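Down below is the structure, laid out as structure tokens.
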Amino acid sequence: MSLLRTALASSPRAIVCSSYLPGVCLSHFHRAAVSRPPQHPRSPPGSPAILIGAGLGGAGLYYYLEQQSKPAPKPKPTRSALDPENFKDFKLKKIKGYNDNTSEFIFELPPDEASLLSVASFVYLKASDPEALKGPNGKPVVRPYTPISDSEQLGEITFLIKKYETGNMSKYIHSLKEGDTIAIKGPLAKFPYKENEFDHIALIGGGSGITPLYQILTHALDSPNNKTKFTLIFSNVAEKDILLREELEALKKKHADKLDLVYYLDKPSENWKGGTGYITADVIKKYVPSPELKEKLKVFICGPPPQVASIAGKKDGFKQGELGGIMKELGYNGDQVYKF
């Protein structure tokens, strides 16, 4: 009621309307109390009718003032800053270190625009200067990346990029400084995710391959209508390499009935309590539902090419390629498995 006292003290004749009493203002009550004789002389001061009216008026004013003090909802973007047909240059706004070989790279978009990536989709990155980074064929190096920022975030797009000694693009991006630019093309669709199309989705990731899987998880679990159960099996070299761990565990805490997290490490510490070693057939049999679930099961896989090949067979360039590896041995079919 402090807001009510402040409003009345500053202007006792102020006209402040109650949303509980449409069209009725407190100044009306004030003038009535000053200029009119009591309409019910037999009703003593403080009678129930007067108290109820005063209570409703005060509650209405309090509600009104509280609503006015709330921040306005953020506007939803209607335009993507990106172009799926052409590369556009964007300035590197900020670099945030993540661990010894991974950083967040935040690029600046126009303030009223967002990336507006569909799920699941990605973008291509290349050097703004076509001479700065070329492959053995003499052409500019172009690589696909999935942002970790919300697709509706205004003014920014963020990538979590791990530096690989054999990765020319990742090394180039890690050489950038704030104020430099990079060329981005997209968004480009990959798998057309539809809410509740599957009863269970298993996500198998390794290293920086977590980003497209994280995109699906955040999109799906943020929906109040989601009924799909998710299991993420995420393998890394050491505990420090578990990217987006804090965000993943926050999702787990918020959606405990819809998300299971399973970590595997190649080189665990003595105090590590999760899984150890590689993702094997036994691991998949333990955590991924049986292929007998048929069209109600989907398995998404993203990680280093050798890992993907071992689990589900090699990709054919940007095409899926034939299903192979552990998933084929265990009886899964090509429609149940998707390789990013």
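Note: Cβ is positioned from N, Cα and C throughout, glycine not excepted.
Feature annotation from TrEMBL assigns FAD binding site to Arg143, Pro144, Tyr145, Leu160, Lys162, Met169, Ser170, Thr211. Residue density at Ser170 (FAD binding site): 20 other Cβ atoms are found within 10 A of its Cβ, drawing on all protein chains shown.
Broken down with DSSP, the domain 'FAD-binding FR-type' (85-194) shows 7 helix, 46 strand, 57 coil. Per TrEMBL, domain 'FAD-binding FR-type' is recorded for 85-194.
In sequence order, Leu125, Thr146, Phe159, Ile161, Gly167, Ile173, Ser208 are the same-chain residues whose CB sits within 8 A of the CB centroid of Arg143, Pro144, Tyr145, Leu160, Lys162, Met169, Ser170, Thr211, the residues recorded for FAD being left out.
The Cβ of Thr211 (FAD binding site) lies under 8 Å from the Cβ of Tyr145, Thr146, Pro147, Ile148, Phe159, Leu160, Leu244, Cys302, each of which sits 6+ residues away along the same chain. Around the Cβ of Tyr145 (FAD binding site), a 10 Å sphere holds 21 further Cβ atoms from the protein chains shown. When the record's FAD-binding residues Arg143, Pro144, Tyr145, Leu160, Lys162, Met169, Ser170, Thr211 are compared pairwise by CA position, the greatest distance found is 17 Å.
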